Amino acid sequence: MLKGATLIAGPTASGKSALALQMARERDGVIVNADSMQVYSVLHLLTARPGPEELAMAPHRLYGHVPPSKPYSTGRWISDVRELIEAEALARRAVIFVGGTGLYFRALTEGLSPMPEIPEAVRIRWRKRLAEEGGEALHRLLGEADPLAASRIRPSDSQRIVRALEVVEASGRPISYWQGQASHPLVDMTSCRKIVLMPDRNTLASRIEKRFDQMLRHGAVEEVKQLLALDLPPSMPAMKAIGVREISAVLAGEISLDEAGSRAIAATRQYAKRQITWFRHQLGPDWEHMPV
């Protein structure tokens, strides 16, 4: 178990990475990514991963280490964090977890039940069926295979529906069985500091707009070209990064770059709003809610 860690959560563009870097430089620390999109190798600009200058200032872990062709889950992230701890890659350093994926922080502080390995063929088959049949049809199938899971998952939540169906097929047991297994946190709750940044709405909106404009100027279009060249299914998580769909439409001649920017900025604002709502309701009073 990791002692004395710092956890920094917050919505996109709230200044999390800058705060983490400041702390790491002051305390000879190492920064560990807790953002589900910043794990992907091709998506550097669109996910606002730290650049070369930031990477040179402090050690960074679990950034850009996953090919976008590979699915990546909360369970995989926890496994990667556990490997870092067991390999003593974080030993004798101030460890700072930073990101906007609330489920990662929940798993880190509350534990995550073990899940079975899902064969790649099973993943491909269910993602193909999702693309062909749609989420509502698969939700009906889940109602037959795992009624309890179906009652807990909205018909519109296609990612969780597919995950539950994959688990049933791969293990022969419903996902609720695995979720009921014992789990343990990876950080010592008595010695860690937990911070969630809560930015002013107008300030955040301005930051989001400015940041996406910078992404476009620095090569986001070329980044999307590289991603599209991989010919990935639209259901892959990396393909759902904000900006990918919008810039893809530009490359297809469907909309202008200005229109793509407007749409991506609006989508980012909506995403930040959902993040803030989640943090307010899911992160308890033991978290420092820090205005920025």
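Numbering starts at 1 and runs along the chain as displayed.
Glycine too: its Cβ is placed from the backbone N, Cα and C atoms.
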Given ranges 159-163, 184-188, 244-248, the stretch to which Swiss-Prot attaches the annotation region 'Interaction with substrate tRNA': 159-163
Segment assigned the feature region 'Interaction with substrate tRNA' in Swiss-Prot (from 35-38, 207-210, 223-226, 231-234): 35-38
For GLY15 (ATP binding site), the number of other Cβ atoms found within 10 Å of its own Cβ: 18
Substrate site, defined by THR12, ALA13, SER14, GLY15, LYS16, SER17: further same-chain residues with Cβ within 8 Å of the Cβ centre: GLY10, PRO11, ALA18, ALA48, GLY100, LEU197, PRO199, ARG207
Lowest local Cβ density (other Cβ within 10 Å) among recorded positions: LYS16, ARG123: ARG123
Outside the region 'Interaction with substrate tRNA' (159-163), six or more residues from its ends: residues with CB under 8 Å to it: 73, 126-127, 130, 135, 138-139, 142, 153, 175, 235, 237
DSSP helix/strand/coil residue counts for the region 'Interaction with substrate tRNA' (159-163): 5 helix, 0 strand, 0 coil
Env. residues of ATP site, Cβ within 8 Å of mean position of GLY10, PRO11, THR12, ALA13, SER14, GLY15, LYS16, SER17 Cβ: GLY100, LEU197, PRO199
